[in-house]
Structure formats: C-alpha cells, structure tokens
Amino acid sequence: MLPGCRVSGTHRPRRAPALGPLRAPYSAGCALPAGPAHLSRLSGKCFSLVESTYKYELCPFHNVTQHEQTFRWNAYSGILGIWQEWEITNNTFRGMWMRDGDACQSRSRQSKVELTCGKSNRLAHVSEPSTCVYALTFETPLVCHPHSLLVYPTLPAVLQQRWDQLEQDLADELITAQGYEKSLRAIFEDAGYLKTSEPSESAQREGATKDLQFETLESCQEAHKALSQEIERLQGVLTHHGIPYGKPAETPSSEHWGPQTPTAGIAEPLRGDPGLRGDTL
C-alpha cells in the first residue's frame, strides 16, 4: 500500500463468503506511486486470474490477494503481499515486490510481480516457486517501449546529478565498487523506489565485531590517522600514571597489548638470566 495512503475499511480482507471475495477499495486521494509515471495509470485498478480452485487478484501499488473458490463455510481468503518496493537491476525496474502478507509457517507471504509487454493489461500467470513466495506475471502495453522501465529518466534532476557524479567518481577510481553500489542504493531509496534498509539488532552486533571496511583510500588514511592519535593519547595517560606498557613487537600474539602489572618487590629476570642473585657465587 502506498505510504501515507488510507483506504476505507481494513486493507486485509476478511474471510469471504463462497465465490464472493472481498478486497479493500482503493482511495483515489493517494499520492502517485514512486516509479515510472506512465505506470500510475494502473493505480486503483485490480486484475484477477483463476487457477485451479483459487482466484488471485493483483492491485498494482496496493496488494495481492488469494481467494479459494469453494462453497465451504471456511473458504480461505488472504493477502499474499502488500506493495513495498521495486526490484532494480542494471538501471531497470525488473519487478514489484509485495511483502508482509499473511503469516505462512514462520514468516510472511510475499510476491514478486514481473511486468512484461502485452496487448492488454492482464494478470497472465501465478506460481509458487518456493513456500510462501509467489511469482506473478503481469502483461501490459505500458512496458512495451524499450525505455519504458529505465530508472534514470524517472529520477528528479537532483538525483540524476548525484548519479552522474557517482559514475564519474567510479571512473576516476575515487570510490570502490562496493561504495558505488551502496551510494546508488541510497539514491534509489531517496527516490522512494527501494525501502530504506534497517539492519537488525543481531546484524548491528555482528557489524561491530567485523574489521573496518573503507569505501575510499582517503577514508582509510583518515581512520588510520585517528587511530594513531588515539594510541598516542592512551600511551601518554599510561606514562603519566607510571603504568608500564608493552609494544606490539614485544608482545606475543596470544597476549593483549595493554598495561602490564609488575611483580611487587621482585625484579623480573632477563631472558637468559640463570637466576643467580646477590653474592651466591
């Protein structure tokens, strides 16, 4: 469902009577969906397909529903996904992702809608390639032009400029391929084409323990300089308080580099010292 949109009633259909599936009506007051402007003509419309004993209904930029076609009193009627984001590959809109559908085992149902060229707007095929994940093929003459699904022309001028600069930085080797992909995704998120990624708490904990990764040589050098300054500061604090510390070259790999507690009253023997003290000779 579109961000900020409101539809009358609930957007999750209640269990429907036999052969009478229900769906939430679309509100005409919703803002235009993010993406190719010509595809906004599909907003507020729904397209259905009956396969076997189920009727599937796709409402672009809204949701995908499934209704069991039977006279049983408990006929199934549920949501296979709610509109969330585009799938973008090689500067092209490849499909529409509908996520957060009804519960299915330990997760939510989700659907990917592939847009293909056709003589009319119609839901052509529905399958379930993996459990709880559905694949829909939607035919429409709106995507028959070879440039109809390109991402770049749909962006506002300010985001196009960011993308242009990003391409130049990559060509000049001022940014890595990883940094390029990350920055490009940020552009798509700002345009509303992709949902902003929010790392889970476990992922954040894992990220805190991983080695630092730098997108440019300059950022790596700056981080190295900051770490060197911090080491010097800590060494100064240890020296000020009279706390001895080891250096990396003198510390075995199995020990931590840090303060060392001297043994009180006993001089530490040097390497090779046979242990003879005082006038024992």
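If you go along the chain as it appears here, the first residue is 1 and each next one adds 1.
Just so it is clear, glycine is given a Cβ too, placed from its N, Cα and C backbone atoms.
Summarising the annotation, TrEMBL assigns compositional bias 'Basic and acidic residues' to 270-281.
Residues annotated as domain 'MRH' in TrEMBL: 44-146.
In the predicted structure, the domain 'DMAP1-binding' (151-254) carries a mean pLDDT of 80. Feature annotation from TrEMBL assigns domain 'DMAP1-binding' to 151-254.
Annotation source TrEMBL lists region 'Disordered' at 1-20 (among others).
The region 'Disordered' feature in TrEMBL is assigned to 242-281 (among others).
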For the domain 'MRH' (44-146), residues assigned helix / strand / coil by DSSP: 3 helix, 67 strand, 33 coil
